[in-house]
Amino acid sequence: MQTQSKEKLIIIGNGMAGISTVEQILKLNNSFDITVFGSEPHPNYNRIMLSYVLEGSKTIDDIVLNDWNWYRDNQITLHTGTTVTHIDPVTKQITTDDGKKESYDKIIMATGSNPFILPIPGSDKEGVVGFRDINDCNQMIEAARNYKKAAVIGGGLLGLEAAKGLVNLGMDVTVVHLMEDIMERQLDRSASSMLQAELERQGIKFAMGKQTSELMGDERVSGLRFSDGSELMADLVVMAVGIKPNIALAQASGLEVGRGIVVDDYMQTSIEGVYSVGECTQHRGVCYGLVAPLFEQGHVLAKHICGVDTAPYEGSIVATKLKISGVDVFSAGDFVEGPEHTVISAKDEWKRTYKKVLLRNNTIVGAVLFGDVTESSNLQKLIKQQSEMTDDIYSTIMGTGCCGGGASKQSSIETMSDEEIVCGCNGVTKKTIVDVITNQGLTSVDEIKACTGATRSCGGCKPVVEQILQYVLGDGFKTAAKQGICGCTTLDRDKIIAEITIKGLSTTREIMNVLGWSNEEGCSKCRPALNYYLHMLNPETHEDEKESRFVNERMNANIQKDGTYTVVPRMYGGVTTPEDLKKIADVSLKYDVKVVKVTGGQRLDLIGVKKEDLPKVWEELDMPSGYAYAKSLRTVKTCVGSQFCRFGTQDSMGMGAYIERKFERLDFPAKFKIAVNGCPRSCAESCTKDIGIIGNDGGWEIFIGGNGGIKPRIADSFCKVKTDDELIEICGAVMQYYRETGNYLERTSEWVERVGLEKIQSVILDSQDNRKELVKRIEIALQQVEDPWKKMLNDDKTRTALYEDHKLAISVE
Ligand SMILES: Cc1cc2nc3c(=O)[nH]c(=O)nc-3n(C[C@H](O)[C@H](O)[C@H](O)COP(=O)(O)OP(=O)(O)OC[C@H]3O[C@@H](n4cnc5c(N)ncnc54)[C@H](O)[C@@H]3O)c2cc1C
Ligand code: SF4
């Protein structure tokens, strides 16, 4: 048999470095019989993405890089949950912890690192974890379910990502840091303080300049004591103070080690035939802790071991990016200026951006970016190539004013050399990407990822890959840029809607089966979207799939940080009565409601209701649900209007209450807010609502597409109408057109930008027939809606399952 003549290659460590080296070897030739040993029970997964698993935006399945089939398809023998305990270079055999012995011709050590656990009293208590693997992640997720206060020791990249993840899981999180600046090994003081301010805004607390001397508690940790005598309570402590290369096996087997396993420029250890790559490796005195250098090492080793000519590995320049949404930070090379540096810097406190580039003898040697990291890949390349600063480079990086920005992206792609690395993590060049777009007709980032690996690891190069796509496809980009609604499918929204209609598909599962979803269960992105599209298309026949909805919509209440819920009764137009107020007060007292809060939309929010009390609270309130949790009409905010206000020209309270009654409970692609004002003074703020209505002497003016949230947008004037009937008709038509053409989760502010105000005006205002048809369809949908709590209170089975069964698994969101 052919395999008998193959050399036996053993990979010790089933992580990113080891398996990426195997991928390179497989590309070069088929001359090895490969066996992989890994201590963890999983196939190779993207460790970088654990931060996203923790914050809840990805699942473990999403981050698997090479699934079980990949090993089988490539005839690789995989032993998971198995640790290699000894290498015998004389007999050329390895031994495993379960007593197996296996002979080898060559070995690649890729044993990675272990998290460094501070050697202080109490560090072995329950509730103290590192942040390194799936097991750590699961422990943190579990702790967040049962405990409230967490401390993360270490304000570096890993510590901050862990802290943000725990905040997202509802914990009260303090980052404890020894130094006065967070990420001080990657950022200068300005960027560090901007970053800290941003993270504080996102809910992370900081205890700076604190040295932890002891972890307190009995069996489980209950807090931290600092060297200055102060204390911090915490039921979960994450140690993110650094990593230690995992050299135990190398040491036990007599390999030369320093901090890591010592290798030469071809990744050869002190013992012939035994190589090392990844975080366990020490090359020219340096151990790396980011993936790009590990992949570079793997490329050199793969070629070397396969007998292909290769330049030696000479070390890497590392760059850092933080993976916290809304926080863009980048640094590479030198970032703290010394007397030898020329400093170029720009700080914009309004836009919260900061750029600093350091030159030594006019050569670019380092950079820090905060807020706007579009030039990060470019800077990384310039630093690596030790480029001289020129006028052109200066204006590309620092911007040349209002007209410079647009052109610079295009020209920086144009001027990029073919061999320039775009994806630093996976070593993918511009040429490779251009070639696959041109030769294989690829049109999306996902396809490029699958084909070349670019964007597969940290994802930081995605903007550049998109720019290359745009550059190569030119005018074809916009149409080609349509991508699948999630990673389970390549179909976009329009295609899915068309297929549902043509093929008469009626359930999410049927759509996934018939349209060839890659993940047969779907994911938390596509399932709620499909459920919405089905219901919007077939309001009379589609049976709502509760299990496909986000948790708040399933529970008909908003879950809070502490696991309790909020209750918001409907108050049409923001108007209530003394009787209703009394009921609200009585119920709040009886069920120990923590806070009653007046919301921005003029409603009363009963905060802190226990899950099991929810049905009783609604039963006793006997008021309609305010839908404060739903992708639906939330509130119609009104001003006092002509009933009482001396400036009022229209009855805004009456109209607001009428609109709210008419359109409540209807599903929309995203939450929907309306305001009605009695005159242009607009006391109820029409300009930031999905639909804003302003009364005037001759009738009403309608505005659409406003938003006061994360991406504020002032609403556009849509039209003026003379009568109340016209107002209701046009509002209904706008809502239905948005329901039918909006992408799931797309707010009207984005929808108006995408579809175009003129187009929406022409559909609704230019054709009375169209308008009437839209209104007819919204009326049909409105006939199907019913109050969720009324329905729930009559449905004992669901009521018990959702509110009384404490083992209920929440799977979406
Ligand atoms: C939360 C988090 C976020 C990160 N973010 C980034 C980022 O944004 N950018 C970036 O570049 N890097 C990031 N990193 C670092 C990056 O993930 C690592 O550099 C990379 O995964 C290291 O790969 P490796 O293969 O060397 O080691 P590992 O991934 O640790 O793999 C080593 C494997 O070997 C196994 N093993 C050890 N000893 C044995 C033995 N004797 N027998 C069998 N198996 C053994 C281990 O169990 C482990 O599974 C992050 C890391 C974490 C934890
Ligand atoms: S918007 Fe006009 S009508 Fe309404 S309260 Fe203000 S001033 Fe009065």
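Think of each number as a place in line: the chain as shown, counted from 1.
Backbone N, Cα and C atoms are what each Cβ position is placed from, and that goes for glycine too.
Predicted automatically and left uncurated, TrEMBL annotations should be read as such.
Noted in TrEMBL for the protein shown:
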{"type": "BINDING", "residues": "Cys639, Cys645, Cys679, Cys683", "note": "[4Fe-4S] cluster binding site"}
{"type": "BINDING", "residues": "Cys683", "note": "siroheme binding site"}
{"type": "DOMAIN", "residues": "8-282", "note": "domain 'FAD/NAD(P)-binding'"}
{"type": "DOMAIN", "residues": "319-386", "note": "domain 'NADH-rubredoxin oxidoreductase C-terminal'"}
{"type": "DOMAIN", "residues": "421-470", "note": "domain 'BFD-like [2Fe-2S]-binding'"}
{"type": "DOMAIN", "residues": "485-535", "note": "domain 'BFD-like [2Fe-2S]-binding'"}
{"type": "DOMAIN", "residues": "560-622", "note": "domain 'Nitrite/Sulfite reductase ferredoxin-like'"}
{"type": "DOMAIN", "residues": "630-764", "note": "domain 'Nitrite/sulphite reductase 4Fe-4S'"}
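TrEMBL feature annotations superimposed on the structure.
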residue	record	DSSP (3 states)
Cys639	[4Fe-4S] cluster binding site	coil
Cys645	[4Fe-4S] cluster binding site	coil
Cys679	[4Fe-4S] cluster binding site	coil
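Cβ environment of Cys645 ([4Fe-4S] cluster binding site): Cys639, Gly678, Cys679 lie under 8 Å away, each six or more residues apart in the same chain. Looking at which of 8-282, 485-535, 560-622, 630-764 has the most CB pairs under 8 Å to the domain 'NADH-rubredoxin oxidoreductase C-terminal' (319-386), the answer is the stretch 8-282. No contact links the domain 'FAD/NAD(P)-binding' (8-282) to the domain 'Nitrite/sulphite reductase 4Fe-4S' (630-764), because fewer than 3 Cβ pairs that are 6 or more residues apart lie under 8 A.
The [4Fe-4S] cluster site, placed at the center of the C-beta atoms of Cys639, Cys645, Cys679, Cys683, has further neighbours from the same chain whose C-beta lies within 8 angstroms: Val640, Gly641, Phe647, Gly648, Ser652, Asn677, Gly678, Arg681, Ser682, Ala684. Residue counts for the domain 'Nitrite/Sulfite reductase ferredoxin-like' (560-622) under DSSP (helix as H, G, I; strand as E, B; rest coil) come to 27 helix, 14 strand, 22 coil.
Sequence-distant neighbours of Cys683 ([4Fe-4S] cluster binding site) (same chain, 6+ residues apart, CB-CB distance under 8 A): Cys639, Val640, Asn677. With DSSP classes pooled into helix, strand and coil, the tally for the domain 'Nitrite/sulphite reductase 4Fe-4S' (630-764) is 52 helix, 34 strand, 49 coil.
The local packing around Cys679 ([4Fe-4S] cluster binding site), expressed as other Cβ atoms within 10 Å of its Cβ over all shown chains, amounts to 20. Residues belonging to the domain 'NADH-rubredoxin oxidoreductase C-terminal' (319-386) score a mean pLDDT of 83 in the model. Every protein chain shown contributes to the tally, and the Cβ of Cys639 ([4Fe-4S] cluster binding site) ends up with 29 other Cβ atoms within 10 Å. For the domain 'BFD-like [2Fe-2S]-binding' (421-470), the number of residues in each DSSP class (helix H, G, I; strand E, B; coil) is 28 helix, 5 strand, 17 coil.
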